[in-house]
């Protein structure tokens with residue numbers, strides 16, 4: 001099997017597929033509140049195009065898929081997309097990232113279709129604050145979604161918490177306490193300068209050393225834990241006696257580019273080898289031309305930089321490439 005390897009020796013076996021750029025929320029770090037233009041439906045990859053693409057990609061070593069958006073559960077055919085991917089025997093793991101507003105309704109059908117596990121965005125445990133950060137989200141719907149995911153067996157359940165200075169950094173201890181009572185993995189993620197968030201991100205950025213300080217201040221004893229299924233770049237820990245775990249993902253303060261194994265496919269059919277850089281290849285016209293398609297995929301991988309240089313932006317230093325101005329919802333979070 002010919003593997004998808006870049007010039008730094010990194011083998012790519014994981015892809016994140018965005019199935020929509022639309023979302024029912026407007027999280028402050030992801031999308032502006034208004035003035036948005038979304039892709040016309042005919043510009044979005046169809047279920048058949050996604051499945052055909054993956055039937056080819058598995059022949060080159062891709063074996064893990066994460067479905068993203070926008071909010072993927074807005075797709076009326078999301079269960080059929082999962083079912084189509086689940087029918088490809090080489091795919092070992094199918095996961096989804098969701099805001100969970102519709103998860104309680106769809107978790108059982110998604111599990112039956114072949115979904116393996118779920119990541120849920122949850123940036124506050126206080127209903128009013130959660131509504132403010134998401135510009136309209138209802139915390140109880142997320143909690144109901146978590147419960148339903150537990151009931152149907154979508155394990156491990158991971159909660160993604162973007163740490164935002166002055167907005168939710170006073171809840172770190174509450175999130176850590178949450179892991180004591182539930183068998184879930186809470187992942188604290190540094191605020192990143194992507195798209196819309198890139199203009200004001202320094203005001204909201206906190207390094208993830210803040211998490212460990214909060215543990216120490218609360219007298220929580222913690223220790224590293226072995227790899228959690230699908231843990232990716234997360235460094236994981238367990239508070240003594242806790243049922244669950246917590247992790248830290250620090251793309252800015254300590255990048256993990258040397259072990260990056262992922263590609264991204266946008267909802268409109270562009271391959272991106274690096275989340276941060278602007279370069280992307282339009283593969284949609286060649287979905288049914290495997291030779292040309294794989295040439296473009298390999299070209300994207302060949303052009304992948306050694307690292308994303310987000311830390312240089314933190315220091316106002318010059319970067320070697322042009323950062324993306326796509327929103328996270330347009331790339332696929």
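Glycine too: its Cβ is placed from the backbone N, Cα and C atoms.
Predicted-model confidence for the domain 'Radical SAM core' (7-221) is 95, expressed as mean pLDDT. The domain 'Radical SAM core' feature in Swiss-Prot is assigned to 7-221.
DSSP assigns residue 264 (GTP binding site) to a strand segment in the three-state reduction. What Swiss-Prot records for 16, 66, 97, 158, 262, 263, 264 is GTP binding site.
Taken from Swiss-Prot, the feature [4Fe-4S] cluster 1 binding site applies to 23, 27, 30, supported by sequence analysis. Taken residue by residue with DSSP, residue 23 ([4Fe-4S] cluster 1 binding site) is part of neither helix nor strand, so it is coil. Of all Cβ atoms in the shown protein chains, 23 besides its own fall within 10 Å of the Cβ of residue 23 ([4Fe-4S] cluster 1 binding site).
What Swiss-Prot records for 29, 70, 121, 192 is S-adenosyl-L-methionine binding site, and it gives sequence analysis as the kind of evidence. In the three-state DSSP scheme, residue 121 (S-adenosyl-L-methionine binding site) falls into the strand class.
Swiss-Prot lists 257, 260, 274 with the feature [4Fe-4S] cluster 2 binding site, giving sequence analysis as the kind of evidence. Cβ neighbour count for residue 257 ([4Fe-4S] cluster 2 binding site) (all protein chains, 10 Å cutoff from its Cβ): 18.
Ranked by CA distance from residue 16 (GTP binding site), the binding-site residues 23, 30, 121, 192, 274 have 274 at the top as the closest. Checking each of the binding-site residues 29, 66, 257, 264, 274 against residue 23 ([4Fe-4S] cluster 1 binding site) by C-alpha distance, the shortest gap belongs to 29. Inclusion criterion for the binding-site residues 29, 70, 121, 192, 257: a C-alpha placed within 10 angstroms of the C-alpha of residue 264 (GTP binding site); this criterion is met by none of them. Within the set of binding-site residues 66, 97, 257, 260, 262, the entry lying nearest in space to residue 29 (S-adenosyl-L-methionine binding site) is 97 (CA atoms). Cα separation, residue 192 (S-adenosyl-L-methionine binding site) to residue 158 (GTP binding site), rounded: 19 Å.
Only 30, of the binding-site residues 30, 257, 260, 263, 274, have a C-alpha within 10 angstroms of the C-alpha of residue 70 (S-adenosyl-L-methionine binding site).
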